[in-house]
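Annotation source TrEMBL lists signal peptide at 1-18. Summarising the annotation, TrEMBL assigns domain 'Peptidase S8/S53' to 148-564. As annotated by TrEMBL, active site, charge relay system applies to ASP157, HIS210, SER524. Taken from TrEMBL, the feature region 'Disordered' applies to 187-210. Summarising the annotation, TrEMBL assigns compositional bias 'Basic and acidic residues' to 199-210. Annotation comment: TrEMBL describes 381-453 as domain 'PA'. Positions annotated as domain 'C5a peptidase/Subtilisin-like protease SBT2-like Fn3-like' by TrEMBL: 651-767.
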Amino acid sequence: MVSAHLFAGFAILALAQALPLQSKNAVQSGPGFTAIQPGSYFVEFHSEPAGPNCDKEHAAFAEQIRMAGLVMNTRNTFKRLFNGVAIDLPNTGCLEQIASLPMVKRTWPMQMRTRSVAIPSSNVAPNLLFAHQYTGVEKAHAELGLDGSGIKVGVIDTGVDYMHPDLGGCWKTPGCPFQYGSDFVGNGYDSGTTPRPRPGPDPRDTCDGHGTHVTGIIAAHGSKIRGVAPGVTLGVYRIFGCPGNGTGQAADDVILKALEAAHEDRMDVINMSFGGGSGWSEDPLSVAASRLVSDGIVMVASTGNAGANGLYTSGSPGLGVGVINVASFENWMITSLSIDVVGTKNNVSIVHSSPGNSKIRFVFRTPTQVIAPVDGSGSIEGCASYTERFTGKILLVKRGSCTFVEKAAFAQSAGAVGVMVYNFESELMSPTSVGANVTIPLVVIKGDDGQAILSELNFGRVTITATNRTMSAPNPAGGQISHFSSWGPDPELYLSPAVGAPGGNIFSTFPLALGGYTSLSGTSMASPYVAGMAALILQAKSKRISVDEVRRLILESARPVVDANSTALLSPLRQGSGLANIWDAISALATIDPPQLSLNYTELGAQSSPDVDSAASEGLDDVTIVKRARALALVRPVSQWPGQVVRTLTLRNTSPTNFLTCTMTNLPASAVSSFMANGSFTATPRIWPESNSTTAVARDTQPQAFVEGPVLPIRVAPGDTQRISVRIIAPSGLSQSDKWFYSGYLRFNLLWDDQVGTAQSLHVPYMGYLGDYTKLDILSSPDEGLPFVSVRGSTDAIADDDHLLIDAAHRLSVHYRLEHPTRLLKMQLVDEMNAPQGYLPYGYLEYLGRNYQGSSSHYSNSTINGTLYHDTDLTKPFATAPGTYRVRIDALRPLRNPSDPEGFQTWISPKFVLDSVSLVKNATADKLEVGDSVNYGEY
C-alpha cells in the first residue's frame, strides 16, 4: 500500500482505500472506526474523475445492472471528485456480482460521520473582537482594509440561519453574502435512523446552530459579532439534519455530494468543522479533501475534540494531504451573559453557563427570588424530592451526587422556575439538562459566586434578573491550548495538527429561534477562524498565490506557545506550528519549504561509525553514545549519525528589492509519550521536561539542531532561494524504551537590508519518534488482561482445552485493545497446527485507529458465531466445523508492509474445543445480533 501522501501531485486520488467489503452491518464506531450504513455502498469505476470516459462508464454500468436484473437503488452519482455511484442493495449477496463488472474498480461500504459536538462554553463567551487583537485580524482589518471581499468561502455543516441580521438577513439576493449552497438532507435526516434525505428549498438552520456559529466566526458583520473575513461571499452546504433525530450522522455520499457542489461553485476556501473516520490520510474523505487541494481550493478542517484521549486522536478529513487541520486555543477575554444579583447587603453581577438545554433559555426579566433549600435527604445538592413547594422561585443547589437532569426535574416538581448550580471551583462548566419532561432552565455558576449568594441569603431576601446583557472579564487560560483539542501525530508519523487558532469560548451567531447568539468551544470554532484568515490572504495577494503558498504563510508565521506543564514549548503534536497570526502571514517577505518537518523515527545507534561503534563496544549507554555522536558531528559533518537526521529546506526571499540575511535558532519543545516509566499505557501523555520536576533538565540533553553547509548568516538575493541543510539531533536525556516523541521549532531569524531594517521570524516545527517505530506493538500489553476469548456475556477468559458449543444461545467473544493505530488487523480461527481455517466476522479490517479510554471504547470485540469467511472481503461465508481451534490476531506494526509476515504482531489464544456448532438460519455476518457487533466506542 502506497501512502496517500505520495499522491498529492497526481491527477486522480482514489477515494476508497480504507474499508473492505465485509463491513455490511451498522457498526458503532470509534476514532479509528466509522459507523457503517447497512446495505449501502460506493462503487468506483476505473476512469479518472472528470475524464472523457466517465459518462460512458456510468451508462455501461446502468445497462449491465439492467441486463442482469439486479435490484439496486442509485443514491448518488459522482463524476467530479470521484468517478462512481453510491447505491443501496436490498440483497447484499449481489455485491460480489456488481464488483465483478468490467468497469468496476472497487466497492466498499458506506461510512457515516457524526456531527462535531461543539462544547457549550457556558456563554462565557469571549467576543471575537478580543480574539482579533491577538491574532493580527484587528490590525489587518484596520490598517490594510482587508475583509475577504472577492473571495468565496464554502461552509459544509448543519446549514445557517441566513435571516440573522449579523449574517445579512438574506438568501441569494443581490448584495447578499449568501450566493451559493443547498440543503442536501432536510430537517428530518439522520443517516443512522432516517437515511433517506428530503432536502429543503435552502440550507436554513433553525434547529441546530453549529453551522450558524461557524459561519459567524468567518463572516459575521454586525454590532455584536464581526467575523475574521466579514466581506466574503458564502456558499452553505447542509449535510446534517436537526439534532434529536437519532445518531446525528451523515453518510459519506451526502458529504461527497456537498464537496462536489462546493467544487462546482468554485469556492476558494472550504471549511469542514466535522471529523471522525479512521484518523488516517487514506480515509475516503481525507483523500477527497486532498483532491480538492490539488484542484486549487484551500481546505480547512477541525482536528477534533478528543484531546482527553491522548495521542493519535486527530480525525479525518483533516489529515488529507495539504489540508490545514486546526487545533483550538483558549480566548483571552470572556464576554458572557450575566445574572444581576440583588441582596439585602450587597448587589453583584455574575456570569453563568449556557443553559443545559439550549431551547430553554435562562431569562428572568423581572426580579425573581432565589432560595437554597435542602432536599428530602437533607442535602443542598437537590438530588432528592423536596418536601415543600417553591412556586415561582429559582433554586440554588450545589453540584454533585446526581445529574443535572435530575436536579432540574426535582426542582421543577417542587414548582421552581429555574435552577442555578454552583460549581466546586471558581470556574464554569457546561451542563446538560435535556430531559423529556424538563421544561425549566438550568445553568452553572462559579463556586465562589454560589458561596457569595449563600452568604447573602443569611441576611435576607435575594433576587436575580437575567437578560441578554453581557459583561467582560479576562480569561486566565487565554492563549493556552484548549484542554479538549486533539493530539497528533497521524499513524504514519506525519505531524498533526497543522496550526492553532482561537476555538475555546467563542461568542458567535446562533439561530434566531435559539437565542441569536451563544458561546461554543471546539476545534469546530478554530477551523473557521483559519478559513477566514485564508480568505484574507487570498484577498491581500489578489488570488495570485497557490494553495501551498497560503498554507505555508499561515503555518510559518504562527507563534508557538510554551507548554503549561513543561519548561519547554508545547509539543507541535498539540499545537502544530503554533497560534496563527494573519498580520505576520500577510507581511511575510520570505517563505520556507517545507513548513513542517516529520522526521519519521530516530533509532539510537542505527547508523555506525568507528568512533560510535567504539563507544558501544565500551558498554556505554544510549545517552553516552548520542553525546559522543553530537561531539563528532560538531567537528566532522556526516550525512547521518546515530540519533541524528539531516533535512534540507528551501528559503525564498520574496522581497523584489532587498537582500535577506538569515540565522537559525533551535527551540526545544516538550517530548510526549503514551507510556509511563513502568511501561503502562496512559491516555494523558507523559511530558518531558516536567514543569514541576525538582531536577533541572540540562539544555544539551534536549533536542539539538544546527545549520550545515553555508556559513551563517546566510545571505539571499531579492527573489532568490537558498537551500539550507539542518542537522537535528535526538534528545540524549530520554530512553528509547519509553517510546517518546521528541520535537522542537527551528526559528529562522530574518533581516532585510532596507532603510528600516525589516526583521521577521518564521518557525518550522519538527517532530520525530525516539526509537524504531516499526517495532511498536499494536495490541495492548498482556498485563492489561487483553486480548482474551470468553463466552459471550462473560468477562472470564476461556482456559486451555475448554469444551464449548456454538448455537443460538451460545457464542464466543474475542476482546482486544489497540494501543496504536494499525494499517491492517486480521482475526482468524486456526487449527492445532496454527493453520488458518477462516476469518471471523469483522476479521479483516484496514486503517484502524487506537482504542480510547472510555468505558465504551476501551476495547473492541469480535464474535465466534459459527460463520467463517474464505476471503478478505468477507463475502464468502461457510459454516465452522466442530473441532479444536485457537483465535489468532495479527496486527500490522507501523510502516510495515502487509505482505511481510514478519511485520505483524501476533497473539494466539488458548486452545479450545468446539464440540458442536449449530447455526441458526442466516446467522452470518450479515445478520449479527447486537451483542456480536464490534464495539468501537465514540468519537
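Positions of Cβ are set from backbone N, Cα and C atoms, glycine also.
Just so you know, TrEMBL annotations are computer predictions that nobody has curated.
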Intrachain neighbours beyond the region 'Disordered' (187-210), with Cβ under 8 angstroms and 6 or more residues off its ends: 26, 35, 37, 40, 112, 115-116, 118, 157-163, 171-172, 181, 236-238, 240-243, 245-251, 254, 273, 358, 510-514, 518, 520, 524
Rounded to the nearest Å - Cα separation of ASP157 (active site, charge relay system) and SER524 (active site, charge relay system): 10
Rounded inter-Cα distance in Å - SER524 (active site, charge relay system), HIS210 (active site, charge relay system): 9
For SER524 (active site, charge relay system), the number of other Cβ atoms found within 10 Å of its own Cβ: 32
Within the compositional bias 'Basic and acidic residues' (199-210), residues counted as helix, strand or coil by DSSP: 1 helix, 1 strand, 10 coil
Number of helical, extended and coil residues in the domain 'C5a peptidase/Subtilisin-like protease SBT2-like Fn3-like' (651-767), per DSSP: 6 helix, 65 strand, 46 coil
